[in-house]
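Colleague: According to Swiss-Prot:
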{"type": "TRANSMEM", "residues": "5-25", "note": "transmembrane segment"}
{"type": "TRANSMEM", "residues": "34-54", "note": "transmembrane segment"}
{"type": "TRANSMEM", "residues": "59-79", "note": "transmembrane segment"}
{"type": "BINDING", "residues": "GLY69, THR72", "note": "Na(+) binding site"}
{"type": "TRANSMEM", "residues": "97-117", "note": "transmembrane segment"}
Amino acid sequence: MLSNIIPLSIGAALGATARWLLNLAVPAAMSPATGNLFANWTGALLIGIFAETINHPQWKLLLITGFLGSLTTLSGFSLETVTLLQSNRPASALANIFLHTAGSLLLTWLGLKIGAAVK
């Protein structure tokens with residue numbers, strides 16, 4: 001059990017830190033939602049690559065469940081979308097939904113293709 005908790009915890013700490021740093025790196029002129037969008041897109045691409053290339057269970061726990069689970073954020077995406085709707089910005093909310101969903105699906109597919117190519 002502990003042999004699973006350690007890589008999971010390390011990955012989660014690194015993923016949460018990466019998401020926080022990514023949000024700090026987004027210029028103030030851009031939407032606050034942009035940092036989470038980049039995090040979700042990065043995670044979508046990486047999960048495709050990792051799913052194709054990582055076979056060891058401990059590395060899957062560290063990188064996929066821990067790191068990518070903490071890097072990507074459905075709760076942040078949900079809050080951003082609802083906040084846009086509450087701010088009477090339905091077009092921005094729809095754009096946010098489309099960009100997160102379509103972009104993440106496309107990048108996961110691309111990641112799977114990249115992972116299969118380098119395997």
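Every residue gets a Cβ built from N, Cα and C, even glycine.
What you see is a predicted model, and the numbers here were worked out from it, not measured in a lab.
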Colleague: Let's check the environment of GLY69 (Na(+) binding site): how many other CB atoms sit within 10 Å of its CB?
Modeller: 18
Colleague: Take the transmembrane segment (5-25) and find every residue of the same chain, 6 or more past its ends, with a Cβ under 8 Å from one of its Cβ atoms.
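Modeller: Those are 32, 35-36, 38-39, 42, 58-59, 61-63, 65-73, in sequence order.
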Colleague: When you scan the chain for residues with a C-beta under 8 Å from the transmembrane segment (59-79), skipping those not six or more beyond its ends, what do you find?
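Modeller: For the transmembrane segment (59-79), the list is 4, 7-16, 18-19, 33, 36, 39-40, 42-44, 46-47, 50-51, 96, 100.
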Colleague: Which sequence positions outside the transmembrane segment (97-117), separated from its termini by at least 6 residues, show Cβ-Cβ distances below 8 Å to it?
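Modeller: Residues packing against the transmembrane segment (97-117) from afar: 37, 40-41, 43-53, 77, 81.
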Colleague: According to DSSP, which of helix, strand or coil covers GLY69 (Na(+) binding site)?
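Modeller: In the DSSP reduction, GLY69 (Na(+) binding site) maps to helix.
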Colleague: Within its own chain, what residues at least 6 apart in sequence put their Cβ under 8 Å from the Cβ of THR72 (Na(+) binding site), listed in sequence order?
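Modeller: In sequence order, GLY15, ARG19, ALA39, ASN40, GLY43, ALA44 meet the Cβ cut-off.
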